[in-house]
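For HIS17, HIS21, the entry in Swiss-Prot reads Zn(2+) binding site. According to Swiss-Prot, the active site annotation covers GLU18, on the basis of sequence analysis. Among the features that Swiss-Prot reports, transmembrane segment is placed at 93-115, 401-420, 427-449, 474-496, with the record citing sequence analysis. Residues annotated as domain 'PDZ' in Swiss-Prot, with sequence analysis given as evidence: 96-180.
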Amino acid sequence: MVIVYFILILTGVIMVHELGHYLFARLFKVKVLEFAIGFGPKIFSVKGRETTFRLNVFPIGGYVRMLGEEGEEIADEEEKEKSFYAKPAWQRFLITLAGPLFSILAGYLLFLPITLNWGIALPGIDEVVPGSPAEEAGLRRGDIIYSINDKIAFDTSIISNEIQKGLPVELVIIRNGEKKSLRLTPRMYPETYEFVLESAEGTPSGKLVSVNGNRDTSVLKEFVNEYVVLEFEGGTVKGILKQFNEIPARYMIGISFSGLAPVFKKDIYFKEGLFVFKKGDRIVRVEDQEIEGWQDLVVLYQRLTLGKDTMIVSLQGENIEWWRGLSGSVRVVIKRGDSTIEKNVEASFLKNILETPDLLEMGVPRYKPKNPLEAVNLSVKACNYVLLTTASSLKNFFRNVQTGQIVGVVGLAGVISAASKTGLEAVLTVVAVITISLGVLNLLPLPALDGGRIIFSLVEMITRKKLNPQVENIIHFLGFIFLMILFLYITFLDIGRMMGI
């Protein structure tokens, strides 16, 4: 079924894009020979008065083939007038621009019913650090951050970027359905050390005083995979340092954001006919750890990936948090209605639950606009954010190629598969993001892409000199070869990620 979803979505997205080219070509009386979805051999075709409409085997793109577009000679004068290169540069510019424009506009139109029906996801506050600027300003667990410095908080990165400036920020939060403004000033927090100790002995308490007798505790990172003795103000801890991560000092306000909620979305079966957890059950404790929200689930997952003799430690100045790993049978306390129930399950089984999509409820809150006007405003701003983020990601990719930032057709299939398990809203959102991204991607000034053809039209409009169509088509052909190689490379990376390579 996922494959069907994937093909339908990709076909629809491509069709909208190519429809832009087709309609503008017809508007300027350019003869369209073929309107094709996909590449390769045709599955079927329908012959119109002038145009053959084709559905091809590989749904990875599409094209509108116009008369004379490939630089071929046209003997008939009447037919020649209908050819692509017989039209002025400004008309060719608009025909080429129409594809990306239709893609982007389709994304904007799709976001409106999403916003009207489901609202928009906004960052929720999962934890407030005691004594932090957030607590002092009155922020509470469960508050929703609507905007920061007049920027709608479509993503937590928007909040983080504003906070990292270190300047006072203006927050608009939603509490009990009502908006409220708060002003607070970020505070510089010291660097954080996060590390894992194997064969750990002892209990840490207070500030870290020395590492293997050295009072310069920053040397800890030099002892990965070595035995260390850590002196704390309230005790000594020994073990093998297996992992170490240093987070630099940074401005913060003292909050963490919500993610998954510790509530089961469906019945969980240990084996056929024997359920362990029921839909609606809330995890409240696992062994010695209270579970209230997303951050607790993150720590729990870390503990479940480690053995009992392993310790996770997080140090920030004089603040310390530590947990021992969990293995074997673990005690899970759940709330089911008014009842509190204890269950013993294997750590590996609980870990598998946390790893499996769509078993736990989403804890990310949604804000539904009060009226259609606000819905239009929010949907337009959401699309603007997607547009700018896509453009920024492409710019960063070409400046500093990082293969983990990009996905191809196989990767998109995985994204659509995950969205289909979540619900219609997630699927429509993915479609809107894909179609906007397709529009932006096609505007890149690369041969074979619409952006490359737009550049040729602009140059002609400025210089009033037409490049030989055959030369232009050779350039686009070479660009197409490059894009196909890039496509195959990205597909290889997608498959590698799926196989864990």
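Cβ coordinates come from backbone N, Cα and C, glycine included.
From a predicted model like this one, the values you see are computed outputs, not experimental measurements.
What's the neighbourhood like for these features in this structure?
The Cβ of HIS21 (Zn(2+) binding site) has 26 other Cβ atoms within 10 Å, all protein chains considered.
Under 8 Å, Cβ to Cβ, and six or more positions away along its own chain, GLU18 (active site) finds PHE35, ALA36, ILE37, GLY62, TYR63, VAL64, GLY99.
Long-range contacts of the transmembrane segment (93-115) within the same chain: residues 13, 16-21, 23-25, 28, 30, 66, 84, 87, 369, 375-376, 378-380, 382-383, 386-387, 425, 428-429, 431-433, 435-436, 438-440, 442-443, 450-451, 453-454, 457-458, 461, each at least 6 residues beyond the stretch ends and with a Cβ under 8 Å from a Cβ of the stretch.
For the domain 'PDZ' (96-180), the predicted model reports an average pLDDT of 94.
Nonlocal intrachain contacts for the transmembrane segment (427-449), taken as residues 6+ away from its ends with a CB within less than 8 angstroms of a stretch CB, comprise 5, 9, 12-14, 16-17, 99-104, 106-108, 110-111, 113-114, 383, 386-387, 390-391, 394, 412, 415-416, 419-420, 455, 475-480, 482-483.
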Helix, strand or coil: which one is HIS17 (Zn(2+) binding site) in, per DSSP?
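Helix, per DSSP.
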Write out how many residues of the domain 'PDZ' (96-180) are helix, how many strand and how many coil, based on DSSP.
36 helix, 24 strand, 25 coil
Including all protein chains displayed, how many Cβ atoms other than that of HIS17 (Zn(2+) binding site) lie within 10 Å of its Cβ?
27
